[in-house]
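Reviewing the structure listed below.
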Amino acid sequence: MALLNIYICVQLFVGSTMLQYSYICEPCRQSFDPAELRIVNAVWWYYFSKLLEFSDTFFFILRKKDNQPSFLHVYHHSTMFSFWWIGVKWVPSGSTFLPAMFNSFTHVLMYTYYILATIGPHMNKHIWWKKYVTILQLIQFTVFMILGIIAISTGCEFPLWMRYTLIAYMLSFIVLFCNFYAHAYLKGRVIQRDEITCMEMSAIEKDD
C-alpha cells in the first residue's frame, strides 16, 4: 500500500505540474491529453486504494475479534470509498487531484509507520513521529476545507455541490480526528501528570 500511494502521489504531482494546475481552482475537463489521462488514471488507482482499505475494514469487522475498529476507522474508510466512487465517475480530474495527491502522501507516511512498527519493539525509537501523522491529517483537512470555501467565494467552475460536500466532509473529519488526537495523546499526558502528582503527594506525606 505504501508503494501504491507513492505511485499515485508522484503521478498526480507530475501530471498537475505538466498541466500547470491551480491548487485553488481547476475545472474538470474532458481531454485526451497524456498528462490529463495520467491524472485520471492516478485518481482511479487512488479510488482502488480506498476500495482495498474499505475491504480490509469490512473483513476485519466480520472476524468479530475483540479489538474491533473504532467509529472513526469505519466512518473514514467506508465514506472515503463511497465519495471517491462519485469522484471517479463525475470529476476524475481538475481540483480532484489535490486531495488525492496530499492524502496519498500522508498515507505513505502512515503505512511506513505500520511497516516499521511490525518489525519489532526495537523499532519504537524510530517511530516517535506517529502523532505528527495525525497532526498532518488535521492540517490537510483544514486546508481542503478552506480551499473549498475560497473556491465557492471566487466562483470556481468546479461543480458547486462537490465544494459544499467537501467542506462538510472535511469538517466531520476535523471533529473526529481532533477527538481521536485528544484521547490518544492529550488524555494520556493528563493521566501521567496526575500519576506524578499523586506520587509527589505520597512522598510528601511520608516525609511528614
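From the backbone N, Cα and C atoms, a Cβ is placed for every residue, glycine too.
TrEMBL annotations:
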- 1-24: signal peptide (SIGNAL)
- 74-91: transmembrane segment (TRANSMEM)
- 97-120: transmembrane segment (TRANSMEM)
- 132-154: transmembrane segment (TRANSMEM)
- 166-186: transmembrane segment (TRANSMEM)
Candidates 74-91, 132-154, 166-186; stretch with most C-beta pairs under 8 Å toward the transmembrane segment (97-120): 132-154
Residues from the same chain, set at least six apart from the ends of the signal peptide (1-24), whose C-beta lies under 8 A from its own: 33, 35-36, 38-39, 41-43, 45-46, 49, 52-53, 94-95, 97-98, 100-101, 104-105, 107-108, 111-112, 115, 147, 150-151, 154, 156
